[in-house]
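Among the features that TrEMBL reports, domain 'AB hydrolase-1' is placed at B:94-383. If you look up TrEMBL, you'll see B:Ser177 marked as active site, nucleophile. The annotation substrate binding site is assigned in TrEMBL to B:Arg247, B:Asp379. The active site annotation in TrEMBL covers B:Asp345, B:His378.
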Number of protein chains: 2
Amino acid sequence: MLPAQKIKAGSVGSVETRYLDLPEPVRLDCGRDLHPVRVAYETYGTLSPARDNVILVCHALSGDAHAAGIAKTPPAESTRDGFGAQDRDGTTAKGLGWWDGMIGPGKAFDTDRFFVVATNLLGGCRGTTGPSSPDPATGRPYGSDFPVVTVADMVRTERAFLDALGIERLAAVAGGSLGGMQALEWAVLFPDQVDSVVVIASTHALAPQGVAWNAIAREAIMRDPDWQGGHYYGTGRAPDAGMGVARMVGHITYLSAPALDEKFSRRLQFADDIRFTIAEPEFEVENYLRHQAASFVKRFDANTYLYTSRALSYFDLAREHGGGSLERALDGVMARTLLIAFSSDWLYPPAAHEEIEVALRNLGKPVEYHLIDAPYGHDCFLLEEARQTPVIRRFLASTPE
Amino acid sequence: MLPAQKIKAGSVGSVETRYLDLPEPVRLDCGRDLHPVRVAYETYGTLSPARDNVILVCHALSGDAHAAGIAKTPPAESTRDGFGAQDRDGTTAKGLGWWDGMIGPGKAFDTDRFFVVATNLLGGCRGTTGPSSPDPATGRPYGSDFPVVTVADMVRTERAFLDALGIERLAAVAGGSLGGMQALEWAVLFPDQVDSVVVIASTHALAPQGVAWNAIAREAIMRDPDWQGGHYYGTGRAPDAGMGVARMVGHITYLSAPALDEKFSRRLQFADDIRFTIAEPEFEVENYLRHQAASFVKRFDANTYLYTSRALSYFDLAREHGGGSLERALDGVMARTLLIAFSSDWLYPPAAHEEIEVALRNLGKPVEYHLIDAPYGHDCFLLEEARQTPVIRRFLASTPE
């Protein structure tokens with residue numbers, strides 16, 4: 001599991017995504033059994049003989065199993081544009097994992113000590129079974145016949161995957177955004193199998209504004225005639241236009257207004273005056289959005305976007321597990337919880353983290369909450385590695401090994 | 001000009017939009033001359049013999065000339081849905097003007113004293129010449145051959161229209177959002193013809209986040225294949241799908257996150273559990289967005305949306321008139337200025353109003369700035385009538401009549 005070659009200090013080195021077929025069907029919240037289910041995964045570090053040093057890292061909406069190191073087979077399409085880290089929730093063009101700054105020897109998730117496992121989530125398009133996988137009933141890709149999955153379904157799939165790997169307990173489950181939702185769901189669904197959870201820039205239930213942004217992104221995809229009711233595979237057409245708009249919406253919600261000011265101001269692309277054009281981008285921020293949209297559609301599947309966006313909108317610990325009460329939902333949690341929020345994150349704002357903290361504290365559960373004052377919005381969870389690292393390392397240091 | 005029939009206390013009564021063809025071409029910023037130009041307008045109150053009591057009211061992105069009173073001919077399609085005031089930037093289903101709460105006897109813009117004039121802006125789709133008007137060169141609608149207009153072009157058209165009405169001076173120019181941009185542009189372009197300007201929930205230049213939201217809305221329209229490069233008139237197809245998405249983006253940016261919390265929370269539409277559906281709206285906020293999109297596309301032209309959105313993104317007083325300096329741009333202003341901002345408006349935030357205030361103050365110009373603490377976001381300029389009214393009445397009371 002150790003890297004064959006040290007690329008640089010702190011890197012897990014060269015890695016390759018592997019695949020595992022689950023032996024049993026996954027029972028889903030919607031009532032359906034899903035089978036077969038393949039899980040794409042990577043591991044970094046060494047599994048201890050006692051198998052008690054495992055950290056599961058869960059990715060966000062558009063991520064994948066390549067969380068750290070350099071991919072032996074870099075992705076065909078560039079996802080890196082030099083503008084910032086907005087594509088780092090997916091493998092970068094240079095083949096660097098999306099959380100490479102956080103996972104490795106001496107890093108936040110220290111592979112000298114921990115065996116870090118990253119999977120592509122259920123419904124994904126980067127190796128794990130999802131809407132683009134073949135439906136055994138027809139032999140053709142599921143498309144919109146893929147069952148509507150929940151965050152709990154993703155977690156049950158991860159549980160089954162770890163079972164197949166012979167891993168029973170987790171020293172920690174960690175993730176940002178949708179990844180943090182999975183971490184929380186783990187602590188609730190499998191309380192006696194999780195020592196600690198690290199929840200970053202996440203929530204117990206997305207606020208209505210976030211629900212709305214996600215709905216708008218999905219509408220943009222589904223209103224694209226090339227979506228074809230979800231059965232676009234093999235037709236030579238895909239809803240790239242709509243998914244581009246969806247990605248643009250995402251990008252602006254991931255950044256703060258001051259970050260956009262600093263990054264783009266109102267700078268025009270050409271010369272120093274306007275060109276009186278409707279169709280062409282004029283401002284640098286307009287060009288940036290088009291560029292982001294164009295690169296994203298090359299690497300990501302629109303149906304996976306729809307399903308994942310739906311799952312994170314549905315996610316609501318209080319509704320799912322507490323009859324409307326967050327405290328009741330968290331009542332069975334046995335893990336220690338670390339919550340990290342960023343002051344400028346308006347999509348996953350600090351308030352929701354505070355609600356989780358208060359609920360856990362009221363229940364007498366061990367919880368730590370850190371609010372990091374940083375300007376980049378939701379993207380901070382990918383950008384502010386240096387400031388998260390000591391907090392996470394200190395928190396994990398007291399985890400029994 | 002007085003209402004034929006008093007509908008209720010404070011109403012201007014029953015009104016009908018009228019139309020005026022400008023005698024001369026309008027010279028545009030892009031260099032083209034536009035001719036013919038028709039202007040849709042309404043007036044409320046009585047023009048004084050000295051013609052010195054005129055207030056021009058300018059509308060926002062999706063508005064029209066029907067600012068007050070009850071339309072004699074209500075619009076064919078409903079734009080009112082019972083959820084709120086989000087469609088009040090356009091005529092409501094009941095035929096009530098979009099700023100009826102602000103214009104009338106005893107109201108903020110008091111028609112017992114002032115002669116209030118409202119026009120549909122250049123590029124509009126509600127009676128004033130715009131992309132859906134016939135191009136004299138071809139006899140067919142302009143579509144995307146319509147020249148790209150600026151806020152200054154809108155103001156020059158308003159100037160020419162008032163000339164045709166025999167009105168030289170304005171006691172005030174007032175507007176919210178894009179309407180406020182027009183008011184500022186009036187003060188700069190025609191300094192000796194404007195006594196005062198009332199600028200509400202507006203800016204001297206949209207911040208990059210606002211530029212981005214507008215770009216995304218336009219992308220949604222232009223990526224709809226039914227847009228057909230802007231020449232969809234008469235084809236039986238229009239980019240309704242894309243414009244629906246554009247409108248959804250708009251709605252969420254017009255409201256604050258807390259307003260969405262209060263209005264919708266995470267309430268589900270049906271029963272008290274999820275239905276595992278991708279395509280159908282589940283949350284009330286999702287249903288609201290669909291409803292808003294559906295009603296908007298029935299009353300508004302997509303090309304007008306594109307042109308107007310472009311104009312308000314271009315608008316930049318410092319770039320246009322000050323070589324990059326806002327102070328230099330405002331140097332010639334002779335009008336008194338009233339600025340009103342709302343604490344929760346994140347699309348047109350208070351900061352930009354403060355920049356205008358500081359610039360005018362540094363120049364020794366008379367300026368008043370009011371920050372109203374209100375929770376509804378940008379929509380406040382349509383909703384918070386009661387709190388704006390005394391501020392505006394007091395400000396206008398010192399206007400020479």
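Each residue, glycine too, has its Cβ placed from N, Cα and C.
All TrEMBL annotations are machine predictions without curation.
In this structure the alpha carbons, written CA, of B:Ser177 (active site, nucleophile) and B:Asp379 (substrate binding site) are 10 Å apart. Cα of B:Arg247 (substrate binding site) to Cα of B:Asp345 (active site): a distance of 18 Å. Within the model, the domain 'AB hydrolase-1' (B:94-383) carries an average pLDDT of 97. Between the CA atoms of B:Asp379 (substrate binding site) and B:Asp345 (active site) there is a gap of 8 Å. Non-local neighbourhood of B:His378 (active site): B:Ser177, B:Ala201, B:Thr253, B:Tyr254, B:Leu255, B:Phe342, B:Asp345, B:Trp346, B:Leu347, B:Tyr348, each in the same chain, at least six residues away, with C-beta under 8 Å from its C-beta. Over all protein chains present, the Cβ of B:Asp379 (substrate binding site) has 27 other Cβ atoms lying within 10 Å.
Reduced to three states, the DSSP call for the residue listed as 'active site, nucleophile' is coil. The DSSP secondary structure for B:Asp345 (active site) is coil.
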